[in-house]
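Data block below; observations after.
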Amino acid sequence: MARPIVAVVGRPNVGKSTLFNKIAGERISIVENKPGVTRDRIYAEAEWLNYQFTLIDTGGIEPESEEIIPAQMRRQAELAMETANVIIFVVDGREGLTSVDRDVAELLRKTKKPVIVTLNKVDTRHQSEHFYEFYELGMGDPIEISASLGLGIGDLLDEVVKNFNPEDYNQYDDDVIKVAMIGKPNVGKSSLINRILGEERVIVSDIAGTTRDAIDTPFTDGDDRYVLIDTAGIRRKSRITESIEKYSIVRAIAAVEKSDVCLLVIDASEGVTEQDKKIAGYSHENGKGMVIVVNKWDIIEKDNHTMNEFIKEIRNELTYISYAPIVFVSALTGQRMNKILEEVKHVSNQNAMRIPTGALNEVIGEAILLNQAPSDKGKRLKVFYATQASVKPPTFILFINDKELMHFSYLRYLENKIRENFGFEGTPIRFILREKTGRD
């Protein structure tokens, strides 16, 4: 199930980033250190009362150039409208209600999404003298917090999770393959979608998604049911030059959250860009199936080695998604377009595949015989047995004697052996290490 998205919105200097960091806690550093993922602290994974959600810091989207504050706020509010399931509207409890706050509230009201008015910088147990001013906004009871001191955060998060509605982010049946078309602007995502939804497809209906210009389009291909989650509408916003890249990434986050399989579209004339790495990294982190689609292949001058050289470049630049199949296509000419849905279906099946425990342990045992487990100071790693815990992504529990003895390189070796024997093309694999003694 996709995680709900919570956006932190507010005019500059009301403490959005402080609140973001307080809610996200140490998770930010974990996200930052993973390969291919943005270091701009635009998003973080958070959890409260067993609810997992994605936190978006719209403060990180603000352009650096000197612009009129209401214009900046309009962009923030638009971003919240398009991506969030719940909006935290941060205001300054010391300063009171301002005209900019009123303008932002008016924009947020139009979203018809849950908005929680949050008075920050209330650093004492005494109520802000401006508390009742915020009832003028007509957005329910304000919540007082101090992000810097951590006061009231629990009450705020209680209110946030109360507003989660599973129907908002889990619209489709389990047998529908949800496909997100992701990638930086101007790589041909819209053209690819038009090709996929050609006359030979049966378009069921158009359902407005959680993003305003992204349309979720269900369709069938034979007996298979799909829904395409389109983020191509980001190109229409290209006038926001200062923040276009960050904006694109946030839009991709919303699409990835809803998807089973991501199509990472790369422009053949540009190769792999930094933004491609960031978007691919987010999909990988979230355990989504992945197909790399190299578009505009028709305009590339080729010889017998061109495709192999391009594959090598992609593998070198996107090492952490080496499992993803690569398809070279042209939306303009229709070249190899039939391969896309073939790979999507295959990857979706691989992402949901279960391996019998007996077969899994046989492969693990043979792998250990071929390449002895590491040791340290006379103590050798022992893998007692393995079992598959879940799918989407495939997740395996390894019961071992000592976690400290499991080197990253050896875990990668075991992963490669599992892939060699069972496949899992196009999907990340997760491992959970659990210690037990031989007597357990």
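Placement of Cβ uses the backbone N, Cα and C atoms for every residue, glycine included.
Residues or ranges marked as GTP 1 binding site in Swiss-Prot: 10-17, 57-61, 120-123. Per Swiss-Prot, the feature GTP 2 binding site maps to 183-190, 230-234, 295-298; the stated evidence is sequence analysis. The domain 'EngA-type G 1' annotation in Swiss-Prot covers 4-168. Taken from Swiss-Prot, the feature domain 'EngA-type G 2' covers 177-352. Annotation source Swiss-Prot lists domain 'KH-like' at 353-437.
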DSSP helix/strand/coil residue counts for the domain 'KH-like' (353-437): 32 helix, 24 strand, 29 coil
C-beta crowding around ASN186 (GTP 2 binding site), within 10 angstroms: 13
Cα distance (Å, whole number) from TRP297 (GTP 2 binding site) to ASN13 (GTP 1 binding site): 47
GLY10, GLY183 as binding-site residues, winner by CB count within 10 A: GLY183
Candidate binding-site residues GLY10, LYS16, THR58, VAL122, pick with smallest Cα gap to GLY183 (GTP 2 binding site): THR58
Segment-level pLDDT (mean, integer) for the domain 'EngA-type G 2' (177-352): 80
Rounded to the nearest Å - Cα separation of LYS189 (GTP 2 binding site) and THR58 (GTP 1 binding site): 25
Alpha-carbon distance [ASN186 (GTP 2 binding site); GLY10 (GTP 1 binding site)] in Å: 30
Alpha-carbon distance [TRP297 (GTP 2 binding site); VAL122 (GTP 1 binding site)] in Å: 57
Inter-residue Cα distance where the pair is THR58 (GTP 1 binding site) and TRP297 (GTP 2 binding site), in Å: 36
